[in-house]
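These features come from TrEMBL:
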- A:4-250: domain 'Endonuclease/exonuclease/phosphatase' (DOMAIN)
- A:ASN7, A:GLU34, A:ASP149, A:ASN151, A:ASP249, A:HIS250: Mg(2+) binding site (BINDING)
- A:TYR108: active site (ACT_SITE)
- A:ASP149: active site, proton donor/acceptor (ACT_SITE)
- A:ASN151: site 'Transition state stabilizer' (SITE)
- A:ASP220: site 'Important for catalytic activity' (SITE)
- A:HIS250: site 'Interaction with DNA substrate' (SITE)
- A:HIS250: active site, proton acceptor (ACT_SITE)
Amino acid sequence: MRIATWNVNSITARLPRLLAWLESTGTDVLCVQETKCAEAQFPAERLRELGYESAVHATGRWNGVALVSRIGLTDVVKGLPGGPEYEGVAEPRAVSATCGPVRLWSVYVPNGREVGHDHYGYKLAWFEALRAAVTEDAAGLLPFAVLGDFNVAPADDDVWDLSRFEGATHVTPAERAALAALREEGLSDVVPRPLKYDRPYTYWDYRELGFPKNRGMRIDLVYGNAPFAGAVKDSYVDREERKGKGASDHAPVVVDLDL
DNA sequence: ATGGCCAATTCGATTGGA
């Protein structure tokens with residue numbers, strides 16, 4: 001089976017590319033982030049025409065996540081259990097479901113904005129709630145994975161120029177410790193192949209020729225438990241989807257499994 | 001060919017992204 005995660009930066013703006021991509025790649029399950037629409041505006045019918053069911057957790061112009069599956073979609077949980085609120089709002093940043101043989105989460109971790117900002121504390125609290133929420137499944141015998149935009153570059157090599165990130169979010173020890181805490185629960189980082197250049201970046205800023213100059217970051221991650229990671233045949237970043245007019249600033253991460 | 005931001009929203013300056 002083939003699963004993938006993709007921060008689409010508006011599913012409405014990305015719909016033509018998304019539908020064509022699902023068909024051309026034969027993806028069985030797609031974890032979507034930044035739908036940027038209300039749940040009622042989610043293009044569930046268009047996806048159904050292609051044979052996909054959708055589980056959507058979205059409220060409006062910001063955030064929003066979904067799971068899109070053609071191999072079943074059951075036991076849907078919307079939201080992060082025990083997750084923190086930001087300015088009194090429980091934002092739609094997580095949805096989980098069982099798709100065929102695997103249990104999956106699609107997550108959009110808060111950005112953090114600036115180190116020391118309220119949003120940064122919120123980001124770390126959100127990570128801790130995620131860790132607590134996945135403990136049981138991470139240690140379980142069934143294939144399980146958390147996929148999405150984690151908004152953290154796990155290692156120095158995961159950003160194009162570390163000197164440009166001095167004092168910035170996405171690379172701080174506290175954020176990386178939050179990823180390490182997830183790994184200590186039994187999840188491992190399924191690192192994709194790059195299809196060009198030496199690093200598997202998944203995000204390139206729209207500004208200043210970020211993509212043509214390969215000024216990227218690896219922040220879209222697949223964290224799988226042992227049964228999941230052991231079934232991985234291949235994984236790659238589909239940088240072709242970052243090209244051209246109407247691209248998201250993130251590329252899909254694809255994982256092929258013997259399941 | 002991969003090109004000097006993009007998307008949603010009070011319809012256009014603002015917010016958020018990372």
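Residue 1 is the first one shown; counting continues down the chain.
Each residue, glycine too, has its Cβ placed from N, Cα and C.
The Mg(2+) site is defined by A:ASN7, A:GLU34, A:ASP149, A:ASN151, A:ASP249, A:HIS250, and by the 8 Å test on Cβ atoms against their centroid, the other residues of the chain that qualify are A:ASN9, A:GLN33, A:TYR108, A:TYR203, A:ILE219, A:ASP220, A:SER248. Note on A:HIS250 (Mg(2+) binding site): other Cβ atoms within 10 Å of its Cβ, all shown chains, come to 25. DSSP gives A:ASP249 (Mg(2+) binding site) a coil state; it is part of no helix or strand. Put simply, A:ASP220 (site 'Important for catalytic activity') is 12 Å from A:GLU34 (Mg(2+) binding site) when counted between their Cα atoms. Same-chain residues at least 6 positions away in sequence with a Cβ under 8 Å from that of the residue listed as 'active site' are, in sequence order, A:ASN7, A:GLN33, A:GLU34, A:ASN63, A:GLY64, A:VAL65, A:ARG93, A:ALA94, A:GLY148, A:ASP149.
The Cβ neighbour count for A:ASN7 (Mg(2+) binding site), using a 10 Å radius over every protein chain in view, is 25. Between A:ASP220 (site 'Important for catalytic activity') and A:ASN151 (Mg(2+) binding site), the C-alpha separation comes to 7 Å. When secondary structure is read from DSSP and collapsed to three states, A:GLU34 (Mg(2+) binding site) falls in the coil class.
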